[in-house]
Each structure stands twice: as C-alpha cells, then as structure tokens.
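These notes concern the structure reproduced below.
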Amino acid sequence: MKKITGLLAAGFALFAGQAMAATLDDVKARGFINCGVSEGVPGFSNPNAEGDWKGFDVDMCRALSAAIFNDPTKIKFVPLASKQKVLAVVTGQVDLTSRTTTWTMKRDTKEGVDFTSVVFFDGQGFMTRKQNGAASAMDLNGATVCVTAGTTTELNLEDFARANSLEFEPVVFEGKKEAVNAYRSGRCDALTTDASQLAAFRITMPDPAEHVILPEIFSKEPLAPLVKHGDNAWKDLVTWTINGLITAEETGVTQGNASEQKASSKNPTVQRMLGVTGDYGSYLGLENDWLYNAIKAVGNYGEIYDRNLGSESPLNMPRGKNALWTKGGLLYVAPLR
Amino acid sequence: MLSTFFTPRNLLSNLVQLLMVAAAIGGAYYLFLSTQENLAARHIETGFAFLSQEAGFPIGDSLIDYQSSDSYGYALLVGIINTLYTAILCIILATVVGVIVGVAQVSDNLLIAKIAKTYVEILRNVPVLLILLFVYGVALAGLPSVKQAVEIFPGTFLSQRGLYFPRAIPEDGFIWVAMAFLVAIGLTILMVRWAKKRQNLTGRSLPLFWLGTAILTLVPLSVFWMAGGPVSWDYPALKGFNFSGGAVFRPEFLALVIGLALYRGAFIAENVRSGIMAVSKGQNEAAAALGVPPSRIMRGVILPQALRTIIPATTNDYASLVKDSSLAIAIGYPDMVSIGGTMIGQNGQAIEVIGIWMLVYLSINLVISVLMNVANKKFQLVER
C-alpha cells in the first residue's frame with residue numbers, strides 16, 4: 001500500500017514541478033543525499049545485522065556524501081524495486097540511484113534519465129553445480145536452466161543457445177527468489193542471470209563451494225548510477241566523483257596513504273586530484289579537497305571493489321572486465337585535468 | 001413494439017434509457033480514442049501486427065512443437081493450449097475428488113466423515129497460491145535428483161525432472177485398433193439401452209459397469225493382438241543432464257494440476273454434500289424400505305436428485321478453476337499468462353495481450369457455462 005501511494009505521489013509530481021532548483025543546492029539545503037539502492041543484493045547494497053547499508057553501490061553514495069559534506073553518513077538510503085527506479089529519479093524522490101541498472105539507449109533517451117559513469121561491467125552468465133563437471137557453458141547442452149521472466153534474460157539465453165547450437169530446457173519463474181529456490185533444490189542444472197548476481201546468490205547457497213560460475217558472459221550489462229535528465233551540473237558531479245575514485249586507483253592513492261600523498265606527492269595528477277594544485281572542486285561547486293575526502297571515507301575504486309565484491313568479501317569475484325585498462329580491464333575514464 | 005415505445009407513458013422512461021445507453025457507448029468510445037492517442041503520443045506501437053513477428057524466447061513445456069524462431073502468435077497458441085489442457089484435466093480430477101469427498105462427508109462412518117470434513121475445511125480456507133507453492137515445494141524437496149531417479153515401473157522414472165514414461169508410437173495397422181475402440185463404444189451404448197429396456201420390462205438389472213468395461217477393453221485388445229501389436233515404444237533413458245526420449249509430466253505441471261484439483265475438489269465436495277442434504281430424507285427411507293442396498297440408494301436415488309442443486313454451484317467452481325490456472329506462473333509452468341507476460345515485457349503491448357487473455361478465459365468459461373446449462377436442464381425435475 002505504501003508503495004502504491006508512493007508511486008501515485010510520484011506520478012502527480014510528474015505533472016507538478018518541472019521548475020525545480022539544481023539538485024546540488026537542494027542536497028546542500030537538505031543536508032543529506034537521497035540515494036536509491038536495490039532492495040537487497042549481497043555485495044551491492046544490503047543492510048547488515050545492525051541495519052547499516054553495506055555494499056559496492058552503497059559506497060558510491062558514501063563517496064558522494066563525503067565529497068559534498070566531508071562526511072560519508074549524510075545519506076538517506078531509499079530501497080527501490082526494479083520498476084520504481086526510473087520513476088523515482090524522474091520525480092525527484094531520490095537524487096540518484098546507485099543500484100545495478102543497465103545503461104540502455106531507450107532508458108537514456110526516452111525515459112527522462114541520464115546515466116553517469118559505468119561503475120560495473122556486468123553480463124549474463126551461468127551458475128551450475130561442480131558435480132556436473134561443466135567447465136564451460138558449451139558443456140551444458142541438454143541442461144535444464146532456471147530463468148527469471150524478464151525483458152532480456154530469456155532472450156539472451158535463447159540467442160546464446162541458437163548461436164552455439166545448444167539445447168536448453170528452460171523453467172521460467174516470475175521472480176528471482178523462486179528461480180534461485182528451484183535451482184537450489186535441484187530442479188535445474190543451471191541458473192542464469194547477471195554474473196554479479198550469480199556470485200551474490202552463490203554465497204547464499206548452503207554449500208557455496210559446490211557451485212561454479214562458468215566463464216562465458218553472453219550479454220552486455222554496463223551498470224551505472226542514474227540521475228535526472230537535464231541537471232547537467234549534478235550529473236557532472238556524480239560522474240566525476242566516480243571517475244575520481246577510478247583515477248585514484250590508477251595513481252595508487254588509497255584510503256591509507258591519501259594524507260601522505262597529499263602532503264608529499266610530486267605527481268601532478270595526484271596533486272590536482274587531492275586539491276593541492278588547481279581549483280577542480282570549484283568546477284563542481286564543491287571544496288577543492290572533495291576527492292580527498294571521498295577517498296579518505298571509502299578508499300579508491302579498487303578498495304571499494306575488493307571490500308564488497310572482491311578478494312576481501314565472501315563473494316570473492318575476480319576483477320575481470322572491471323580491472324583498470326592498464327591491467328586488461330575496461331575501466332578507462334577521461335583524464336582528471 | 002415501436003408503437004408502444006411512443007405511448008406517453010413509456011416515452012420518457014424509454015428516452016432516458018436510450019440516453020444512458022448512448023452515454024455508456026460514447027464513454028467507452030472516448031476511452032478507446034484517448035488510449036489510442038496517448039499510446040501514439042508515447043510512440044508505443046498498437047495493433048496486433050506483433051503476433052507475426054519472431055518470438056525469440058524459449059518455452060519449457062509445450063504440447064505442440066515449438067521453436068523460438070516461431071511467431072509470437074504461435075507462442076501464445078502454445079500457452080492457450082497449455083491453459084486448456086490443464087483446465088480440462090483439473091476439472092475432471094477436481095470433480096472426482098469432489099464427489100468422493102462430498103459423499104464421504106455424509107457417510108455414516110464417523111471416521112471417514114470427519115477425515116473428509118477436515119480435508120474440506122483445510123483446503124477451502126487456505127489461499128490457492130499457497131497450496132500451489134506448497135505442493136511444488138514438497139514435490140521438489142521430496143523427489144530424488146535426476147541422477148537418482150526412481151524407476152517405479154519398467155521404463156517409467158520419477159525424479160525432480162518430472163515423471164518420464166514410455167511413449168507409444170502407433171505403426172501401420174493401429175488404425176484398426178482405434179476403429180475397434182469406436183465400435184466398442186457403440187456396442188456399449190447399445191448394450192446399455194437394451195439393458196434399460198429389459199429392466200423396464202422384467203425388473204432385472206445387469207452389472208452394466210463390469211459389462212461395459214469388458215467390452216471397452218476386450219474388443220480393442222483382441223484386434224490389437226490380431227493385428228500383431230502395431231505399436232512401438234520410445235523409452236526414456238538418462239543421457240547427459242536429463243532423460244531423453246519418452247514422454248514427460250514436468251513437476252511444474254504436476255504441481256499445478258494436483259494443487260488446483262485438490263483445492264477446487266474441496267469446494268465441489270461442499271456442493272455435493274449440500275446437494276445430498278437437500279434431497280428429502282423420505283427418499284432415502286423409502287428406498288431402504290423397498291430393500292434397495294445402501295450403495296444403490298446413493299447412486300440410483302440420492303445423487304441423481306442431488307445433481308439438481310450440485311450442478312449450478314459447480315458451474316461457478318469450474319469457472320473459478322479455469323481462472324485460477326493463471327497462477328501457474330508462480331511455479332514456473334508456461335501457461336497463457338506466463339507466456340503473454342514475457343511478450344509484454346519484450347514489446348510493451350500490454351493492452352493487446354491482456355485483451356487476448358480476457359477473450360480466451362471468457363470463451364472457455366462461456367463454453368463451460370453452456371455445457372453445464374445443458375446438463376442442468378437434463379437433471380431438472382421433470383414435472384408430470
């Protein structure tokens with residue numbers, strides 16, 4: 001019921017206020033950011049036992065909060081279901097979403113939102129039981145596959161099967177939970193959805209070590225935070241905070257050594273990033289040490305990844321495509337100058 | 001007709017009614033137009049042209065041959081056939097369950113009556129979605145994995161992948177067996193008529209059930225034997241991840257059919273019970289006084305009269321059962337709603353697809369309604 005009234009209110013807002021002030025001014029006046037997150041995907045955004053939001057997407061919002069307020073806690077997290085996420089941004093219910101949203105042409109052009117910087121390169125994959133002995137998706141011929149009814153997951157699966165002359169027997173469920181349960185109980189040999197979510201579901205299995213995610217990734221799912229279309233200053237701020245965190249990893253600035261680097265680094269890029277030289281913060285309407293504060297709060301991109309998704313987390317996902325371009329990955333951001 | 005329309009007494013009220021009808025039609029037309037306009041303004045495609053485009057998505061359980069390169073229209077047909085198939089099967093099973101449990105509820109045996117009553121109360125008062133999820137969950141948790149499939153009969157395997165059984169492939173000469181079966185049906189009908197006439201004349205009855213069964217099985221079987229067994233079998237065998245060959249009832253299908261039949265059977269049982277209670281007690285006593293054995297009192301005296309009250313109520317239950325089958329999506333069975341939902345997700349033409357759903361459910365239920373009305377007429381008390 002609450003959701004319905006929320007949607008209704010959002011719908012009315014669609015007609016009402018177009019002439020809203022710049023988002024950054026609103027945020028500063030309000031004193032906190034409204035950050036839309038998912039309803040609970042381990043590793044990305046999930047409340048822990050104390051009710052604190054943790055995860056990769058959550059840390060992106062924390063970095064933003066630190067950049068604006070020099071305090072990573074000035075955030076109100078708003079959990080959004082998949083179908084709410086776009087409307088919530090368009091109507092101003094949240095200032096941005098930081099929740100596994102694929103950048104597509106239609107969303108970017110027709111739905112009143114803009115994408116900022118890609119934070120995670122995802123793609124659809126398979127998870128299967130180790131005992132099946134499949135080393136690659138090509139070994140899955142004839143397998144029964146649990147799928148969620150969705151816009152692209154079923155199509156991607158079928159395209160992949162046709163392109164490689166494989167045959168799958170799909171069992172299609174309305175929700176993720178039902179599909180995962182059916183896979184867990186042994187109804188299906190394999191489960192297919194975005195690889196990052198497979199990793200998250202894997203650790204919720206009673207025997208995570210018995211399940212493997214196969215190497216084939218057969219769709220493009222670049223995930224990026226969403227902001228409202230038209231507020232370019234706010235879009236720039238979110239984009240460059242993310243770019244800054246990635247640049248920090250490139251230049252080796254970490255949560256631990258940021259103060260030291262600020263005091264002594266001779267690297268001009270580092271000096272610009274940390275606000276030693278130039279006035280880059282003012283380009284975004286912020287203090288010049290905005291990125292320094294963000295890095296001090298949550299670390300650089302690599303640290304955020306390792307803590308939530310990578311080697312230091314239960315998900316233990318390899319960096320793969322999300323490594324820096326210098327290390328064979330896809331992370332390549334515009335220069336900070 | 002027209003002349004009475006204009007009499008002063010009728011003119012006003014008829015004009016008001018005409019205006020109301022015109023307003024209703026106009027309102028509907030306005031809604032239609034504005035919907036069309038709004039959809040066009042948002043660049044959302046309208047019309048049924050999409051039905052001939054390639055579907056591109058897989059369907060896990062289909063009675064007719066389907067490939068993802070087939071059209072949306074064909075995919076939807078697969079779903080409609082699945083919906084019809086489950087609906088018909090569920091109606092038959094729910095009726096069997098309902099009659100047995102309903103009669104058991106009025107049994108003189110207290111234990112049987114209480115068990116039946118408990119069954120009805122539990123099933124009737126739990127949401128059908130929960131029953132489906134429960135049956136499906138129990139099935140998945142209880143059945144062995146495919147590698148440890150149980151062979152319940154030779155060539156018939158039960159596992160989490162479903163019930164695999166040998167498929168009969170008719171060969172040359174099978175047509176004779178089929179014709180023999182038709183002849184047997186004809187013979188049975190003739191026999192029943194003759195037996196009825198004989199009973200009316202002499203008062204002596206024949207064991208019709210056993211005679212009928214004998215004719216229906218023995219005649220085709222002997223032809224089958226004479227034609228040299230014109231059937232070959234396709235046995236399922238475990239190959240790689242799954243069984244191949246044979247025919248299969250998948251767990252989603254079984255859970256849906258069993259869940260819906262058990263649930264709706266409880267409602268029909270209540271109809272049957274109330275129908276039996278509505279037959280006056282004197283009928284029972286009169287039959288007993290004439291020395292009719294109790295099982296025949298139920299079959300020959302009570303149930304035929306009870307049908308008068310049972311049929312109209314059960315028509316509603318059949319209609320609800322057909323509509324409940326749309327819950328198949330919760331347990332992964334590809335019925336019409338599940339497949340249509342995928343189509344809406346892909347091309348956004350929700351109004352058209354929902355329109356087709358409504359039309360199909362409406363048609364199925366109208367057919368049920370007509371058939372039940374025919375049955376109802378037949379069983380109404382004949383006034384003498």
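Cβ atoms are placed via backbone N, Cα and C, with glycine included.
TrEMBL: automatically predicted annotations, no manual curation.
Residues annotated as domain 'ABC transmembrane type-1' in TrEMBL: B:80-372.
Marked as transmembrane segment by TrEMBL: B:12-32 (among others).
As annotated by TrEMBL, transmembrane segment applies to B:72-101 (among others).
Annotation source TrEMBL lists transmembrane segment at B:122-143 (among others).
Here the transmembrane segment (B:173-195) has Cβ contacts under 8 Å with residues 205-206, 208, 211-212, 215-216, 219-220, 222-224, 227-228, 230-231 of the same chain, all six or more residues outside its ends. Per TrEMBL, transmembrane segment is recorded for B:173-195 (among others).
Counting same-chain residues at least six beyond the ends of the transmembrane segment (B:207-227), those with a Cβ under 8 angstroms from any Cβ of the stretch are 173-174, 176-177, 179-181, 183-185, 187-188, 191-192, 195. Taken from TrEMBL, the feature transmembrane segment covers B:207-227 (among others).
Taken from TrEMBL, the feature transmembrane segment applies to B:247-267 (among others). Outside the transmembrane segment (B:247-267), and at least 6 residues removed from its termini, the chain residues within Cβ reach (under 8 Å) are 60-61, 86, 89-90, 93-98, 101, 119-120, 122-124, 126, 128, 131-132, 134-136, 139-140, 143, 160-167, 234, 236, 317, 320-321, 324-325, 327-328, 331-333, 335.
Sequence annotations record features per position, and here TrEMBL assigns transmembrane segment to B:353-375 (among others). Residues 76, 80, 83-84, 87, 91, 311-312, 314-315, 318-319, 322-323, 326, 336-337, 340, 343-344 of the same chain lie 6 or more positions beyond the ends of the transmembrane segment (B:353-375) yet place their CB under 8 Å from a CB of it.
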